[in-house]
Amino acid sequence: MFRKARRVNVRKRNDSEEEERERDEEQEPPPLLPPPASGEEPGPGGGDRAPAGESLLGPGPLPPPPSAHHPGLGAEAGGGISGGAEPGNGLKPRKRPRENKEVPRASLLSFQDEEEENEEVFKVKKSSYSKKIVKLLKKEYKEDLEKSKIKTELNTAADSDQPLDKTCHAKDTNPEDGVVISEHGEDEMDMESEKEEEKPKAGGAFSNALSSLNVLRPGEIPDAAFIHAARKKRQLARELGDFTPHDSEPGKGRLVREDENDASDDEDDDEKRRIVFSVKEKSQRQKIAEEIGIEGSDDDALVTGEQDEELSRWEQEQIRKGINIPQVQASQPSEVNVYYQNTYQTMPYGASYGIPYSYTAYGSSDAKSQKTDNTVPFKTPSNEMAPVTIDLVKRQLKDRLDSMKELHKTNQQQHEKHLQSRVDSTRAIERLEGSSGGIGERYKFLQEMRGYVQDLLECFSEKVPLINELESAIHQLYKQRASRLVQRRQDDIKDESSEFSSHSNKALMAPNLDSFGRDRALYQEHAKRRIAEREARRTRRRQAREQTGQMADHLEGLSSDDEETSTDITNFNLEKDRILKESSKVFEDVLESFYSIDCIKAQFEAWRSKYYMSYKDAYIGLCLPKLFNPLIRLQLLTWTPLEAKCRDFETMLWFESLLFYGCEDREQEKDEADVALLPTIVEKVILPKLTVIAETMWDPFSTTQTSRMVGITMKLINGYPSVVNADNKNTQVYLKALLLRMRRTLDDDVFMPLYPKNVLENKNSGPYLFFQRQFWSSVKLLGNFLQWYGIFSNKTLQELSIDGLLNRYILMAFQNSEYGDDSIRKAQNVINCFPKQWFVNLKGERTISQLENFCRYLVHLADTIYRNSIGCSDVEKRNARENIKQIVKLLASVRALDHAISVASDHNVKEVKSLIEGK
């Protein structure tokens, strides 16, 4: 979590007597001494520093040791003059810049740096060797150094393609300069490292010297020079790419002088905290491996191995130091001095700097035998690369060639694909450019049509409610007139029935109320007025029949009393004119192109002829019937097929205008919507109009109105079979309206009075005339019902006409009628109302079941006529026999052959076969 600070196990040694003496001498002014001669013997402690200087600074003449009381001290501690000060000039020695430097800033969460920087470096006094031994060691060191230099040059030539960024070069020392290694050898080595570029040839020797500083004797405490050399070695390994630090924490030691790089510590910390967004530069070994095509896995494995090896070595060093050093600290100063004197006497020179006991460790076998058992050897990380063979290079090149061939093949396929895509795109462009002709005009036309349709719909959204109101008003006007006529007929029937029933029954009634609970005086007053009006209408109808010569064939009750008063006619016409006037003002503020069927049709015909596909895709053929619906309903506002002067809708302008819509030279499809334009309009406009007429205006008692309704219905069925059929919803609604109106008439308007036969004997009496009128009106209604044959089903008609009217009312009138010629005539008129198709396909000798009661009445009528003729004159018998033959013929006409044969056999009618065949 936090960065660990690298610890340097440097402990401060106890003060000795010699150090106290040296501090006393330093307080005294230094004497001015001449520079020592080259052949002068080194002082105490000087001999052991000279070899170290040679090992660190490279080969060359050994400089004379300074005259100092303590080994390792430079000119500042001794009496010599350092730098460029001449002897005897009296100048004070130059102070070190380290003393004036500020204490570096401590790292976060660590106080170790400040303690380590302020501690004094522990120095070990070493015993002097003799001059002879020193010379011998120098000679052997030079020989070993030359051998190592040759080896270094060979390694440098192998790595010549990757020059080192920074190379440590040793400084050539001149014996005459009098410069010696001071107490702070680290500072002077930093000063010499700044001149690396001036002396590049010395780098190999220095690298070789650093590579040998990898062994530390157990219990030995490294000094500043050793620590600095180790840091230089590690820095060099990092720069060469052969070593990766085993921890990611910033190093606490400084590779250069503290006075020159104090500010670099803070920069390093900032760099460690800063997120790196750039690509990390590869090491020189990795670059070389990539150039020759070797995979990076070997180099990664090598770096990982070196990291593990370095980590293991560092751990063992720390363990060894922790075990041995406390023993040194626990001893007395005198014992320590004795221990170090004995150690230096038995230890070969240079062992404290990582050199294996002597300078002969580089190639001498004697040096190997001098190692003790407690020395732990560590393998120096090698900077050499893995061997590269011809086969390896050939294999890598072959693999790379194969991969390039595969890549080339893929690129070639992509190239061909792009070429084909380019050709297809070119063709598509040409095709689109060729087909783009008229798109602008088409877009312009469609935009105009879009605006026109929007305006048309906005106009209709405002005008359609007005059209609906006018249509409702005209329907209400016709409904009121029809209801008034029906109500008048019902009142006349009630008046006559009340009048004749009171005469026949002579019932006692309340003085002020009639039989219906009405005010007698007021009712009688209104009844008198209605009777006068009714008789006046009948007189006018009789006069009209006399003028036309139809008086002889007319039967009372067959005519319809639909005459209106002048007041009603005037009011009706005024209201009708008002509605028509308002209808003419509906589109008076609208342009003709938005209400004229011809103009609207022309717009869509232009669209259809120019851009038929878009016209078809927009389903205009399905929208046109709904679009023309309000305009057609406005023209059909007063259209009523019940009137004699009603105009046929197929002769109107809107029908003629839309009749040839979409008819062009090209062949039309069967399922095209434009072909069904007029049938769809008939379905959506005409049928709903007829439904309203059937519910509110049609009178089933009126033969004329019924004939006209049947005529228009059959015309629609025959002329528009695709829409006017039993499966069509609007057709079903229309037929239901007709059927409901007939049922209502049957329940509300049919009335058959029952009088005793003695009352009906007087054929000029009011009850007889009223009875005859009601009978013939029922027969008339039966005929009107049966006019719908072919429209309604046989079952529906038989149920409505035979069961509901004939068997319920007419047969009851037959029972009260006189048996004779009048009954036969009435029966003949009833049978004439039946459709002949009912009896054509009957099998057997029996008629339809609903007519069984009527046939029995005819058989009973024949028997009654025969019984009445017994005992009469021959003329009466002959008339009775003719009536019986007529009854047999009537039975045969309704396919009641069983009853006809029975009557003929009972009454000895011999011409049965001729009567049946001549039916």
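For all residues, glycine too, the Cβ spot is worked out from N, Cα and C.
Comparing SER110, SER297, SER483, SER584 with the features listed in Swiss-Prot, the residue bearing the annotation phosphoserine is SER297. Between THR565 (phosphothreonine) and SER559 (phosphoserine), the C-alpha separation comes to 18 Å. If you take the C-beta of SER559 (phosphoserine) and look for same-chain residues 6 or more apart in sequence within under 8 angstroms, you find ARG541.
The number of other Cβ atoms within 10 Å of the Cβ belonging to THR565 (phosphothreonine), over all protein chains shown, comes to 12. Applying an 8 A CB threshold to same-chain residues 6+ apart, the list for SER560 (phosphoserine) reads ASP699, PHE701, SER702, THR703, THR704. Looking only at the region 'Necessary and sufficient for interaction with PAX7' (380-560), the predicted model's pLDDT averages out at 82. SER560 (phosphoserine) carries neither a helix nor a strand DSSP state and counts as coil.
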